Ligand SMILES: Nc1ncnc2c1ncn2[C@@H]1O[C@H](COP(=O)(O)OP(=O)(O)OP(=O)(O)O)[C@@H](O)[C@H]1O
């Protein structure tokens, strides 16, 4: 990054998911690995792998703004954790040679918190607001005006004598990030000029990411070793980089430093990540479903207790992946193991059990 100055208001990452211990395939950030992560972040759109459509469209928005000498439209990025939303916000600032300010929805509980940040911005600054769906309602209303008119109304006094004093703020670009686009109120969504939904990455893009990271880490990596890591990364760059770092440890301590397919396999076996990217928790969920509950339906809380994990960890870490890979279905009556789940555990599915790879999620809200 060039003349790029990132100011963090408060650590925007929520860590409640880590409460039950270190999960190597948890897509949420681990606060201890922030330094390792930031060393691997691409700093320009040309280095940003995958998400070609988003990258192309965003590139155009930024180039047009540069041509016109204006600040780019506000950008909303949505998608699961670890897919590159923070990275893209940093890239937008770098590509515009603009400073970057970082904050998060949970850190902005009062409109005054937001007014303080907005009035301190400089012309053209990029303001990255992570977890934007968790901002308080009064702050959200202040943000509408700021996004549209580059103005905030500061309320002075209380009760009937209170007056709103309009305060001009510099033109800025808001980059909002959310894992739950559906939770954003329509009026807020409508104020973004560019909205992008990030998808899980294909294995080929993850292989490129693993290669690039290996180069930056100075790790020697065989092409098949990269493929092995990419295949088990759940479509998520954060997990790909984390697995790479663990495999590199293994290669240095238990082998000659070179990450061959055999070294990658042995390391991932040690960390209990199987060929399809399932880890200890994923398998515990499937085992509980099939061994204890006859394949379901079973409620989320019961399932969480039976694997000794927090409900949130099962719901936000294990379940989205198991549903996406067709091992689990969410139905109105509870979670149900598919035929693929039984087969993955080496068991014959009971008669009548359906589903497998690509099985539908029948009840997303459960
Ligand atoms: N397209 C990409 N190319 C290369 N590396 C990437 C890409 N996307 C993400 N990464 C890497 O993955 C890690 C996680 O990315 P990032 O922090 O941007 O995710 P995020 O979507 O903001 O996650 P969260 O919502 O949890 O904050 C970073 O270390 C980054 O280097």
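Any Cβ shown, glycine's included, is placed from N, Cα and C.
Going by TrEMBL, these are the annotated features:
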{"type": "BINDING", "residues": "311, 330, 335", "note": "DNA binding site"}
{"type": "COMPBIAS", "residues": "1-14", "note": "compositional bias 'Basic and acidic residues'"}
{"type": "DOMAIN", "residues": "71-202", "note": "domain 'AAA+ ATPase'"}
{"type": "REGION", "residues": "1-49", "note": "region 'Disordered'"}
{"type": "REGION", "residues": "202-272", "note": "region 'Small ATPAse domain (RuvB-S)'"}
{"type": "REGION", "residues": "275-366", "note": "region 'Head domain (RuvB-H)'"}
Site diameter for DNA, Å, by largest Cα distance between 311, 330, 335: 15
Other CB atoms, at most 10 A from the CB of residue 330 (DNA binding site): 21
Other C-beta atoms that fall within 10 angstroms of the C-beta of residue 335 (DNA binding site): 26
Spatial neighbours of residue 311 (DNA binding site) that are distant in sequence (at least 6 apart) but have CB under 8 A: 300, 301, 304
Secondary structure content, the domain 'AAA+ ATPase' (71-202) (per DSSP, counts of residues): 50 helix, 36 strand, 46 coil
Helix-strand-coil residue split for the region 'Head domain (RuvB-H)' (275-366), DSSP-based: 41 helix, 9 strand, 42 coil
